[in-house]
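J.: Below are the structure tokens for one structure; questions will follow.
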Amino acid sequence: MEAREPGRPTPTYHLVPNTSQSQVEEDVSSPPQRSSETMQLKKEISLLNGVSLVVGNMIGSGIFVSPKGVLVHTASYGMSLIVWAIGGLFSVVGALCYAELGTTITKSGASYAYILEAFGGFIAFIRLWVSLLVVEPTGQAIIAITFANYIIQPSFPSCDPPYLACRLLAAACICLLTFVNCAYVKWGTRVQDTFTYAKVVALIAIIVMGLVKLCQGHSEHFQDAFEGSSWDMGNLSLALYSALFSYSGWDTLNFVTEEIKNPERNLPLAIGISMPIVTLIYILTNVAYYTVLNISDVLSSDAVAVTFADQTFGMFSWTIPIAVALSCFGGLNASIFASSRLFFVGSREGHLPDLLSMIHIERFTPIPALLFNCTMALIYLIVEDVFQLINYFSFSYWFFVGLSVVGQLYLRWKEPKRPRPLKLSVFFPIVFCICSVFLVIVPLFTDTINSLIGIGIALSGVPFYFMGVYLPESRRPLFIRNVLAAITRGTQQLCFCVLTELDVAEEKKDERKTD
């Protein structure tokens, strides 16, 4: 890992084919050919692809499986729906703040890139470290396991599916989607589009069925909707936390900003389209659940959508477990697509080994970063209680998201003349920062042990930053340098990859912004 000096060009490697003398003479006599393409990730994500990425990553298995996380802390349907609406509104505010950040700092990497721009390399590295070590691989392992469970469970109706079979199918799912994203960016976006449509159609079917029941007069569950509501601030805080976890993923498109066509237009537009869609779907889906199921049914169900389907879909109830699996598959694809770009950008900034910022010379996909992401997720499949690990990063997740928006306010003050294609009222980032402080403090009191473990995981990156980034390369252990050089060379040959070139136009634009 090498920290590059500001202004120093990124080293580039070019594959030069062997040519015979006759070939050279033939080339001289032939018409001049177009110069080779610049070795960079290509802008292949359209507005529709962007909407699919955001919606597909936000709508995971949670809305199908465990909306009871909000209900258990609110104790009433009325208060539960209010919390879902507040969670959606808060997520919309955060997404709008990220839309401004994404059009102002046109780099991939989401909060990592924004923290790097505002506060420098150390805090950005810690943010990258937490994602690399826990957040991304744990989340992907859990999604893959959930997918495998819903695929295998119908074959074992009276017992739990075999542990090893679930883990092997989860591993196959991760490897398949990694291959798809290594092959072509378009393959990844087409998979995303298809599975996003599938999960939205499944949720619309649930919503329509619920509204039909409601129109038929089944409104008894809403007659005293707020009866028994919990007004305890601690419980309401935990309910909001559960809702916000289901809304997570609204920053997906910010991880791939550099690959979006016309990002200054399409990034905020995709966010503006996606957020109302997801918020409306979540609220209406819960209304459908609450129309058919009473509170005890919801709280006792391991998969609320499946229980709902058993009571309403009749012979077609089998479609909902399939829909949950498809939703997980699409969500996993979006996560792999986004997190690989995070590692790619981290490598390009000198915070990870150079080999992770290589791309295939013909397909223009970050194959080493994708393979690294795949390896980390597969390692976490070995951990038997991988679901426990998700409790460690709720504190750090909201800390870094909030810090990104603090950076937005800081850059407003530090660089007031910097061009901002989208400039929000300062009211939005201030409100989001205040709410983020609340979301950071709550786990420290309600889940102290797990929060402290999360802080410890973040701080474990400090010695790695010192050894791999802060320390000059000449002072790092020779053995480590030789090993990294050998791995980099082998990866380049095996994956047919080279380091990306600096985008001169983008660099000049960034210089004009900071002048």
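Placed from the backbone N, Cα and C atoms, the Cβ positions cover glycine too.
From Swiss-Prot, for reference:
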- 1-44: topological domain 'Cytoplasmic' (TOPO_DOM)
- 1-36: region 'Disordered' (REGION)
- Ser30: phosphoserine (MOD_RES)
- 45-65: transmembrane segment (TRANSMEM)
- 66-78: topological domain 'Extracellular' (TOPO_DOM)
- 79-99: transmembrane segment (TRANSMEM)
- 100-114: topological domain 'Cytoplasmic' (TOPO_DOM)
- 115-135: transmembrane segment (TRANSMEM)
- 136-167: topological domain 'Extracellular' (TOPO_DOM)
- 168-188: transmembrane segment (TRANSMEM)
- 189-194: topological domain 'Cytoplasmic' (TOPO_DOM)
- 195-215: transmembrane segment (TRANSMEM)
- 216-235: topological domain 'Extracellular' (TOPO_DOM)
- 236-256: transmembrane segment (TRANSMEM)
- 257-266: topological domain 'Cytoplasmic' (TOPO_DOM)
- 267-287: transmembrane segment (TRANSMEM)
- 288-311: topological domain 'Extracellular' (TOPO_DOM)
- 312-332: transmembrane segment (TRANSMEM)
- 333-363: topological domain 'Cytoplasmic' (TOPO_DOM)
- 364-384: transmembrane segment (TRANSMEM)
- 386-406: transmembrane segment (TRANSMEM)
- 407-425: topological domain 'Cytoplasmic' (TOPO_DOM)
- 426-446: transmembrane segment (TRANSMEM)
- 447-451: topological domain 'Extracellular' (TOPO_DOM)
- 452-472: transmembrane segment (TRANSMEM)
- 473-515: topological domain 'Cytoplasmic' (TOPO_DOM)
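Explain the structural surroundings of these features, please.
T.: In the topological domain 'Extracellular' (66-78), helix, strand and coil residues by DSSP number 9 helix, 0 strand, 4 coil.
Helix, strand and coil counts under DSSP for the topological domain 'Cytoplasmic' (100-114) come to 9 helix, 0 strand, 6 coil.
Counting only same-chain residues 6+ beyond the ends of the transmembrane segment (115-135), those with a CB under 8 A from a CB of the stretch are 3, 105, 107, 109, 339, 342-343, 346, 349-352, 376, 389, 392-393, 396-397, 400, 403-404, 406-408, 410-411, 454, 457-462, 464-465, 469.
Same-chain neighbours of the topological domain 'Extracellular' (136-167): 60-61, 65, 173-174, 318, 321-322, 324-325, 328-329, 331-332, 335-336, 339, 342, 373, 376-377, 379-383, 386-387, 389-390, 393, counting only residues six or more beyond its ends whose CB sits under 8 Å from a CB of the stretch.
Counted with DSSP, the topological domain 'Cytoplasmic' (189-194) comes out as 6 helix, 0 strand, 0 coil.
Tertiary neighbourhood of the transmembrane segment (195-215): same-chain residues 52, 55-56, 59, 63-64, 277, 281, 284-285, 287-289, 291-292, 305, 308-309, 312-313, 319-320, 323, 326-327, 329-330, 333, selected by CB-CB distance under 8 Å and a gap of 6+ residues from either end.
The average pLDDT for the topological domain 'Extracellular' (216-235) in the predicted structure is 84.
Same-chain residues lying 6 or more positions outside the transmembrane segment (236-256) and placing a CB less than 8 Å from one of its CB atoms are 45, 50, 53-54, 57-58, 60, 62-63, 67, 69-70, 72-74, 79-80, 83-84, 86-88, 90-91, 94-95, 98, 101-102, 108-111, 113, 230, 267, 270-271, 274-275, 278-279, 282, 331, 334, 337-339, 341-342, 394, 397, 401, 438-439, 442-443, 446.
If you look at the topological domain 'Cytoplasmic' (257-266), the same-chain residues 6 or more away from its ends with a CB under 8 A from one of its CBs are 41-47, 50, 102-103, 106-109, 113, 185, 341, 421-422.
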J.: Same chain, outside the topological domain 'Extracellular' (288-311) by at least 6, Cβ under 8 Å from its Cβ: which residues?
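T.: For the topological domain 'Extracellular' (288-311), the nonlocal Cβ contacts are 63-68, 71-72, 75-77, 80-81, 206-207, 209-211, 213-214, 218-219, 221-222, 317, 319-321, 323-324.
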J.: Who are the chain neighbours of the topological domain 'Extracellular' (447-451) in space, where the CB to CB distance is under 8 Å and they lie at least 6 residues beyond its ends?
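T.: Residues 391-392, 394-395 contact the topological domain 'Extracellular' (447-451) from elsewhere in the chain.
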J.: Could you count the residues of the topological domain 'Extracellular' (288-311) that DSSP puts in helix, in strand and in coil?
T.: 19 helix, 0 strand, 5 coil
J.: Can we call the transmembrane segment (267-287) and the transmembrane segment (79-99) in contact, meaning three or more C-beta pairs below 8 angstroms at a sequence separation of 6+?
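T.: Yes, the transmembrane segment (267-287) contacts the transmembrane segment (79-99).
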J.: How many helix, strand and coil residues does the topological domain 'Cytoplasmic' (407-425) contain under DSSP?
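T.: DSSP classes over the topological domain 'Cytoplasmic' (407-425) add up to 8 helix, 0 strand, 11 coil.
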J.: Using Cβ distances below 8 Å and needing 3 or more such pairs, separated by at least 6 in sequence, tell me whether the transmembrane segment (79-99) contacts the transmembrane segment (386-406).
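T.: Output yes: the transmembrane segment (79-99) sits against the transmembrane segment (386-406).
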J.: Based on Cβ pairs under 8 Å, which of the stretches 168-188, 312-332, 426-446 lies most in contact with the transmembrane segment (364-384)?
T.: 168-188
